[in-house]
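Listed in Swiss-Prot for this protein:
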BINDING   Gly8, Pro9, Val10, Gly11, Ser12, Gly13, Lys14, Thr15  GTP binding site
Amino acid sequence: MVKIGVCGPVGSGKTALIEALTRHMSKDYDMAVITNDIYTKEDAEFMCKNSVMPRDRIIGVETGGCPHTAIREDASMNLEAVEEMHGRFPNLELLLIESGGDNLSATFNPELADFTIFVIDVAEGDKIPRKGGPGITRSDLLVINKIDLAPYVGADLKVMERDSKKMRGEKPFIFTNIRAKEGLDDVIAWIKRNALLED
């Protein structure tokens, strides 16, 4: 089972990305989802209502505190959810774990996630990639979402591209508009090639 952690700031499009991935990949792969919220199970409920995934393949973890603590320093609640999900579905191939909304320093405990996708959106401004932080510099894949909003918020995608290359070196990044499925195929291709080790 490959575990992919998806993290990023509130509203960046983490849940939308996970929903889109399950919609396009669950027919070919045995998948499940774990979501994290501080005080609610709102993201899990959204997934249950909008995803093609059956309800028993989605677990919502209510962290009750700092979102990055639940995925890094004390990942015990999430590790229990992973164990529970693996018990339900022993042949699970791909488990997507969504962090609660967090800042640019969010990273997953290596026991919890084999790969990390960090999601930002252009509405935060084109300076976000150059601000760095472990989410930007260390994630296996950086997704820059909501590119359709760039003209409305004064974000320059060329600046974001330049700064992402500078901050990430050889590590990949993908521009997306998840709602319109733009860039989604590239994210799926990255998962298949890097996480699932397909050609």
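Even glycines carry a Cβ here, placed using N, Cα and C.
Of the binding-site residues Gly8, Pro9, Gly8 has the largest number of other Cβ atoms within 10 Å of its own Cβ. Around Val10 (GTP binding site), the same-chain residues at least 6 positions away in sequence with a Cβ under 8 Å from its Cβ are Gly101, Asp102. The record gives Gly8, Pro9, Val10, Gly11, Ser12, Gly13, Lys14, Thr15 for GTP. Within 8 Å of the mean position of their Cβ atoms, the other Cβ atoms in that chain belong to Gly101, Val119, Asp121, Asn145.
Neighbour density around each Cβ, counted as other Cβ atoms within 10 Å, peaks among the binding-site residues Gly11, Lys14, Thr15 at Lys14. Gly13 (GTP binding site) has a Cβ environment of 24 other Cβ atoms inside 10 Å.
In sequence order, Gly101, Val119, Ile120, Asp121, Glu124, Asn145, Lys146 are the residues of the chain that are 6 or more apart from Ser12 (GTP binding site) and have a CB within less than 8 Å of its CB.
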